[in-house]
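Working notes, beginning with the structure itself.
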């Protein structure tokens, strides 16, 4: 099993506690994702002008990009309360009914990991989203009867990292669909500078930029790296973070300039050394790395693919010339092209 990685995009308890203190409250403070911000500003203002609940919103994208944060910002901008839950927590239809019946008019209900809702719960959610009504079964056996309960108009915000796992009926009931993209190093630098200021960390712009460029395009990772570099600086540099201190801290953490850690490099080197650069099936690769298939597909691969170090083909995974060069190796003449180069397999 994979231990918690410093550059993992999944949230830890420390992340959740820290995020609460640095989470932006308004769209003006929500850095990056400019197209999403521009659209949501229009939808929010229009809903407020009409005095209506905003349409239901589906937010999807890799973990750590700010889906939960965006839901808080939306509720704050609408001036309503936010109720937060997740798909696995809502086990029965009654659990969902309890949440819905306690909402006030125009409130926002945020369901994280919405793709993990059970079919029974989804069936209750459909009329709630469309008609602001739910049907509840009272009693058992022949005496059971259905009672229709009216709900106040509300906005459902669903978040998922696996949009493809949503059922079509659920997906079609969202009037607003937003995809969050990986952040640029420049955007992450602004986020690191903002977080450092809020947390009272002495960090220079070049130190922030060094942290940002190793954060895999993900604010959650950038903020976590900032906290680890702060620890390093507190012991080794009197609490001051500059370029040199940030680089030394990253070397200690074994996070290279591309944002890769030992597991990323081990995966690339395994494909090169054991499978001649690929293609290799994901099951064989998982066995070689002693990792679960889901860990490879959901945790390790997305960033390697997005950065052009790895490609998926019908025959399996292949590394690109860029991966060979990163490992200090000379690419073979017949190695897979990097994403976007001539001969791209997609």
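Quick reminder: no glycine exception, Cβ is built from N, Cα and C everywhere.
Taken straight from Swiss-Prot:
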type: BINDING; residues: 22, 23, 64, 67, 68, 69, 130, 131, 132, 173, 183, 220; note: ATP binding site
type: BINDING; residues: 68; note: Mg(2+) binding site
type: COMPBIAS; residues: 1-11; note: compositional bias 'Polar residues'
type: REGION; residues: 1-20; note: region 'Disordered'
type: REGION; residues: 184-254; note: region 'Small ATPAse domain (RuvB-S)'
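Shown here: features listed in Swiss-Prot, placed on the structure.
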residue : record           : DSSP (3 states)
22      : ATP binding site : helix
64      : ATP binding site : coil
130     : ATP binding site : helix
183     : ATP binding site : coil
Between all pairs in 22, 23, 64, 67, 68, 69, 130, 131, 132, 173, 183, 220 (listed as ATP binders), what's the biggest Cα distance, rounded to the nearest Å?
37
Which residue, of the binding-site residues 22, 64, 68, has its CB surrounded by the fewest other CB atoms within 10 A?
22
Count, for each of the binding-site residues 132, 183, the other C-beta atoms lying within 10 angstroms of its own C-beta, and report the residue with the smallest count.
132
Which same-chain residues, if any, lie at least 6 apart from residue 130 (ATP binding site) yet have Cβ under 8 Å of it
173
On the 0 to 100 scale, where does the mean pLDDT of the region 'Small ATPAse domain (RuvB-S)' (184-254) fall?
96
